[in-house]
Structure formats: C-alpha cells, structure tokens
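Chemist: A single structure is presented below for examination.
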C-alpha cells in the first residue's frame, strides 16, 4: 500500500507536461536524461530513508538517557552519594550504554524506523541554524511553485475546453490551430480574460481552505487516484490506437539541446517524493527490503513515463502538443465520444483542485515553523490572517501574470526541486552519518544504510546538484539575451 501511495504521489501533474518537454528536447536526449534523473532520485530516496533511521535512533537514545537520568535522580534522592553521578563519568558511560542495553534486552534494533520524523525535524536535528533556514527556504519556494502550477493549470484547462466548445472552433483544441491570448473566446471576451475569470473563481472557491485545516481527505485521495489512472491509461490507449491505424503525425527529432533546460526541470519535478517519504515509509510494517521495493517502484514509474511520452510524441506533431497533454484529446478527430473528450479535458480541474488546499496548508504550516520561537504563540491576526494570506497571494499573482505551464514546471523543478531532491538528501545523509558515529561510535552500522554508502556518491550528488543550478541559470540567461 505504501508503494502504491508512492507511485501515486510521484506520477502527478508533472507527467502531464512531460510529452511536450520530450518533443522539444528530442526523444534520445529525453530518454537518457529521464533514466539518469530517475537513478539520481532513487539514490537520494535511499539517503532520506537512511537519515530517517538515524533520526529514530537519536530520538530513542535521548529517551533512554532521560529515563536513566530520572532513575539516577531517584537513586540519589534515596541516599546514593553524589560522586556516582559525576557529569563526565555519566557522559562517558552514555557513549556506550544504550546500544549494549538494547542488544541485551533483545529489543528492536535502535535504527528501526517506527516514528515519523519529517524532513524539517531531521534538518533541525542534523543541520546548524543556517542549514535549517536554507532547508525551509528551499521547501517554501518549491511549494510556492507547486501552487502557482496548480493555480494556472485549472484555469488553462477550463479556458481551452470552454472556449473551443462555445466558440466558432467547436472541439478544435488539439487540431493544430494556434490561438493567441487576444483571440476571442465567446462574445467580446478574449481568451486571456476567460483565463483570468476562471483563475478568480478558482481562488475564491479553493483559497478559503488555506485559512483552515484540511483533514480527513482519504476518500478524496482515493477518488483522485482512480481518476488519474483512468485518464493516463485512456491517453496511452487512444494514442496507441491512432498509431496502429497509421494516423500518427509525430516525427520527433533525436536531440535538440535548446529543450534540455525545461526537460530537466520537468523530469526533476516528475520524480519528486523526497519531502513526503517520512509519511510513506514509516507506516510500512516490514522495512527489511524497503530499498529494493522502492527501486521496483522507480522502474515502473520510468516505464510508465516512457510509454506516455513516446506514444505522445509519435502520435502528435511537435507543434500541436499542448503544455497540458490531456488537452490534445479534446479534438473530435482524435476521439468522437463527447464524454471522454470532456473527461480528459477537465481531468486536471478535478485532480488538481483536490491537491491545492492540502499543499496550501502544508506551505502555511512551514511558514509558521520557520518563524516559531520556542514556547511562543502567534497573535490571532498573524496566525489566522497573515500566514494564510502570504501563502495564497504570491502563487495567484504568478498565475495571473503567466500560464506557461512548461516554464513554471521547468523553473520550479530546476531550482527548488533540485534542492529538495538532490542537495538536502545528500547533506542529510552526510550529517546523519557523522552524528551517528559521534554518538554511537564508529563500529555501529545503520541497518537502513543506503546501498550508495561510499562518500563518493554524496560528493557526486552535491556536484551534480550545484552544476545543475549553474547550467539552468546560464541557459536562462543565454536564451533571454537571444530574445
């Protein structure tokens, strides 16, 4: 069940922007980059699992120490001499005692993952103050990007479907007709006006959830997952039917280096699960083979992305592939069943709308944690008005200014996604290993140690992460200067 959840979490909105990114970068470059980024994402997933085990061990250690201190306090109050609890002696004994006592009792391994330790908590355990602040900065920027993508994707889908259905070009969204934002949608209203009206409606309907807590979403999530599967399988089958009938129009190039920047961002975004691993891995009862099962998950996801993208780029011409792939199936020539056309065209509206409040609440809580002072509480206005407002307003403003989904996904993945998927897990693995050696001694082995245990892999991930920042920034600067 945990692995099904992980599959559903990874195969999200990013997958819908992947076919367009595949077409612009060329099929060979895309496939190689997708496989490599999948491997990198798997590696950093094992780093996070290792850090979770180290964090669990630390928490157990602290609890056992506190229990011993309480026992010693009781002993000393009943007449034991003070020299028995000398500070230095106590510290030296503490260096060896917990592991030995755990092993003697036959209790579970000290590195067993039984307690959910979120990424923010791990950062505060293993990083210094600067590191913790950088972590929160990174996750907040990523969540802002996520919300901006969601806030743009829903109105774009509604605009494309309704403008085509009500305008003069009934069911011609995916027929290669290129529309400008200034084209008429219905009556005097332009397409960009329709988009902004839908964005306003989306904000008014879903924005208020940011001011409250979102709980009990289990059935909502099950329904969303079911719809997602139906939509993805439908798109693959419809594309395969067109190809088998000889109606395929796609002639994708092998490599186009100009498209790599966006493809990189989309691929990073499409393999993102590191920030949710504690919630997914902790409830799994038998974690002995967790790394192998996660690897199986990644192989399945890789196969799924490849199938979706390859069927798309061979079925449709490059210039007709939409930012949101579902919109290619709202054309009568592709599918003449109206219900399926509208189901696929409006699919992002249903699924994204259920995720938007959950991500908004997560972002709001991260803001609260970042500014939290030990033992302090926020005034009502700050807690209930200011934090939700700073969560909601920026992504809506970004969506108001642009609805270029490919760029939004590309930039979010290439910058904030890069930090969360590569840099933070690598630093967590490095710092947790140092911490474990310091507390438990160099002979102690973490049972969930990553298969990529050599320091070379951590250095490799860090160099890769930093070089990606440089590459993406240089690419943006060069492409902007050409314009």
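Keep in mind that glycine also has a Cβ here, set from the backbone N, Cα and C atoms.
Model, not experiment: these values are computed from the prediction.
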Chemist: Quick check on the annotations: TrEMBL lists transmembrane segment for one of 293-314, 381-402, 403-424, 425-446. Which range is it?
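Modeler: So the range that TrEMBL calls transmembrane segment is 293-314.
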Chemist: So which range, 226-243, 244-261, 262-279, gets flagged transmembrane segment in TrEMBL?
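Modeler: Residues 226-243 are the ones TrEMBL records as transmembrane segment.
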Chemist: Quick one: find which recorded stretch in 27-57, 126-145, 293-314 has the most Cβ pairs under 8 Å with the transmembrane segment (456-478).
Modeler: 27-57
Chemist: Could you name the stretch, out of 226-243, 293-314, 334-363, with the greatest number of CB pairs under 8 A to the transmembrane segment (126-145)?
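Modeler: Top-ranked stretch among 226-243, 293-314, 334-363: 334-363.
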Chemist: Six or more residues out from either end of the transmembrane segment (195-214), which same-chain residues have a Cβ under 8 Å from its Cβ atoms?
Modeler: 151-152, 154-156, 158-159, 181, 189, 353, 356-358, 360-361, 364, 384-385, 388, 391-392, 396, 399-400, 403
Chemist: Grab the same-chain neighbours of the transmembrane segment (226-243) for me: Cβ-Cβ under 8 Å, and only residues 6 or more beyond its ends, written as numbers and ranges.
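Modeler: Beyond its ends, the transmembrane segment (226-243) has Cβ neighbours at 8, 11-12, 15, 304, 307-308, 311-312, 314-316, 325-326, 329, 334-335, 340, 343-344, 347, 350-351.
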Chemist: In terms of Cβ proximity under 8 Å, which residues at least six beyond the ends of the transmembrane segment (293-314) contact it?
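Modeler: Apart from its flanks, the transmembrane segment (293-314) reaches 3, 6-7, 10-11, 15, 18-19, 22-23, 27, 30-31, 34-35, 38, 41-42, 45-46, 49, 232, 235-236, 239-240, 243, 248, 250, 252, 270-271, 321, 325, 328.
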